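Engineer: Got a structure here, written out as structure tokens. Questions coming.
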Amino acid sequence: MPLRDKYCQTDHHHHGCCEPVYILEPGDPPLLQQPVQTSKSGIQQIIECFRSGTKQLKHILLKDVDTIFECKLCRSLFRGLPNLITHKKFYCPPSLQMDDNLPDVNDKQSQAISDLLEAIYPRVDKREYIIKLEPIETNQNAVFQYISRTDNPAEVTESSSTPEQTEVQIQETSSEQLKAVPDADTEVEEAIEPPSIETVVDEAAAPTEEQPQESQADLETSDSSDLGHQLICCLCRKEFNSRRGVRRHIRKVHKKKMEELKKYIETRKTPNQSSKGRSKSVLVSLSRSCPVCCKSFATKANVRRHFDEVHRGLRRDSITPDIATKPGQPLFLDSASPKKSFKTRKQKSSKAEYNLTACKCLLCKRKYSSQIMLKRHMQIVHKITLSGANSKREKGPNNTANSSEVKVELADSVESSPPSITHSPQNELKGTNHSNEKKNTPATQKNKVKQDSESPKSASPSAAGGQQKTRKPKLSAGFDFKQLYCKLCKRQFTSKQNLTKHIELHTDGNNIYVKFYKCPLCTYETRRKRDVIRHITVVHKKSSRYLGKITASLEIRAIKKPIDFVLNKVAKRGPSREEAKHNDSKQDGTSNSPSKKYEVADVGIEVKVTKNFSLHRCNKCGKAFAKKTYLEHHKKTHKANATNSPEGNKTKGRSTRSKALV
């Protein structure tokens with residue numbers, strides 16, 4: 001069977017390629033038929049396709065075709081041009097030796113290559129430009145230059161009188177077109193000698209020096225040219241109709257950074273485009289910009305928002321008054337003497353800073369949709385932390401001094417005279433707690449009256465302490481500010497700030513609560529969500545798919561119970577345990593040693609949850625366990641804690657589980 005011949009299709013040597021084949025190979029018909037002759041071959045054929053071919057043919061040649069180079073001497077094929085050059089250099093040198101120093105312009109190959117490049121990458125037609133010069137009445141050393149094309153005289157471009165800048169303007173006329181047409185009477189088409197470079201530099205420096213002085217003025221400018229304003233590039237004095245165009249021009253042509261764009265933009269009022277109008281034009285700098293980073297904005301409200309969010313540490317006084325406040329609202333700046341600085345600080349603290357009921361910040365006159373957003377704004381922008389206990393307290397003119405001390409009352413006033421409940425044992429009665437708190441309230445009220453008497457607009461001491469009477473016993477009943485201890489969760493904190501954040505979890509307006517999570521299948525409730533999930537898994541034997549449905553509804557089914565429920569439960573357990581110990585010790589006739597009392601009273605109670613499942617509950621703390629061994633292990637923790645003093649246990653931070661009754 002004869003082999004397929006691999007000769008080039010363009011050469012017709014008939015070495016058996018046209019002879020009949022014994023085994024026909026099905027395939028693409030153009031691969032099987034003879035090559036079709038065209039008027040041109042080789043690279044000339046490609047050039048002709050790019051010249052007169054369709055768009056689809058050009059796309060095929062550029063995108064969908066790879067080139068294979070063939071040496072005409074040895075008929076070797078090369079996929080890459082470097083390999084072909086190396087091959088021609090060492091193995092098949094070209095027949096014609098050409099001199100590189102004297103290239104023949106009329107050479108057909110050079111002409112073919114230039115035609116190919118012109119066909120693939122057509123250049124813009126070479127246009128001739130006319131430079132028209134217009135004199136300036138006020139300055140004899142400078143002229144206005146206008147560049148226009150010969151084919152389109154209506155398109156005119158204004159430029160400065162420097163030749164180097166004229167070349168830049170010629171490059172930009174194809175992309176950016178301006179509509180500034182000078183009067184035909186004042187045009188001078190004869191050649192005028194350009195002024196010296198020093199005068200041009202002085203002209204360019206003059207507007208930049210005037211710009212910082214004019215930046216102090218608050219002049220409203222418009223983005224559109226309909227209002228008679230036109231944007232000018234300070235570097236080349238080119239006019240634009242939009243800010244986007246002048247920014248792109250400065251960034252692309254003059255290679256300036258984004259932060260420096262504002263420095264090179266000016267606005268000019270152009271009532272008419274005559275020479276007198278240009279000479280008497282008013283240069284106005286854009287006023288809606290940030291004074292710190294010089295970033296320009298569309299409105300003054302955007303400047304205020306940018307200043308509050310980006311430059312948080314700075315005050316609004318650094319902005320000009322017309323930007324710092326809304327229209328019609330004056331900006332109050334601190335211009336007091338050093339002697340009165342202490343008084344002004346007190347007066348400033350006594351002023352109303354926010355209104356939680358209206359969700360409004362009184363410092364920057366902003367309203368928010370919720371109190372959470374207002375708290376976040378006060379903390380981020382004004383560095384004022386609002387605690388949850390005073391979330392619904394309104395700031396009226398009569399109680400401004402009292403309201404400014406709300407944050408201090410939670411920690412500092414309690415620190416001066418801590419309630420005795422912090423030093424009482426854990427199983428102390430609730431009645432003793434309230435009696436001790438009532439003893440300590442007069443001392444705290446005295447400290448508060450002293451603070452209120454210092455401010456000039458303070459309310460009466462009785463009115464100031466009236467609201468605190470209802471507030472402080474609740475906070476002190478659940479939290480120890482001196483020890484930084486939460487009695488509800490039995491957790492100790494490292495700082496007052498962490499304790500204050502934790503108090504917000506227990507507060508809902510003026511009420512303090514403890515959240516309990518309930519089991520949807522039984523009466524089991526606990527303070528930890530994961531305990532409910534474990535309870536549903538262990539006790540009710542539910543799958544993870546069921547847990548996925550229930551977990552989302554646990555937060556909705558949660559119950560907010562007052563702290564009296566938790567504190568009373570601890571108080572009620574104390575005497576009941578003592579009575580149980582006392583009765584058991586009498587029946588057994590044993591001694592009154594604490595360890596033996598503990599062992600006698602420490603009997604687990606079996607509680608049936610379902611028909612086939614029961615829990616073993618500890619009668620000390622009310623915890624329930626699935627196995628009796630777990631209950632025995634739990635009893636050992638009570639024995640270890642019984643040896644320690646109750647005060648030591650209270651100061652030490654503990655992480656305990658929920659104490660819910662089944």
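FYI, residue positions are counted from 1 along the chain as it appears here.
Note that Cβ sites are derived from N, Cα and C of the backbone, with glycine treated the same way.
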Engineer: Can you tell me which of these residues Swiss-Prot lists as phosphoserine: Ser161, Ser420, Ser435?
Structural biologist: Ser420
Engineer: Choose the correct range: of 257-287, 319-349, which one does Swiss-Prot annotate as region 'Disordered'? Give that range.
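Structural biologist: Based on what Swiss-Prot states, region 'Disordered' spans 319-349.
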Engineer: Of the ranges 15-38, 39-62, 231-254, which one does Swiss-Prot flag as zinc finger?
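Structural biologist: From Swiss-Prot, the annotated zinc finger range turns out to be 231-254.
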Engineer: Run through Ser159, Ser350, Ser458, Ser595 and tell me the one Swiss-Prot describes as phosphoserine.
Structural biologist: Ser458
Engineer: By the record in Swiss-Prot, which of Ser460, Ser645 is the one labelled phosphoserine?
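Structural biologist: Comparing Ser460, Ser645 with the record, Swiss-Prot tags Ser460 as phosphoserine.
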Engineer: I'd like the number of other C-beta atoms within 10 A of the C-beta of Lys132 (SUMO2 cross-link), please.
Structural biologist: 20
Engineer: Sort Lys132 (SUMO2 cross-link) into helix, strand or coil using the DSSP assignment.
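Structural biologist: The three-state answer is strand.
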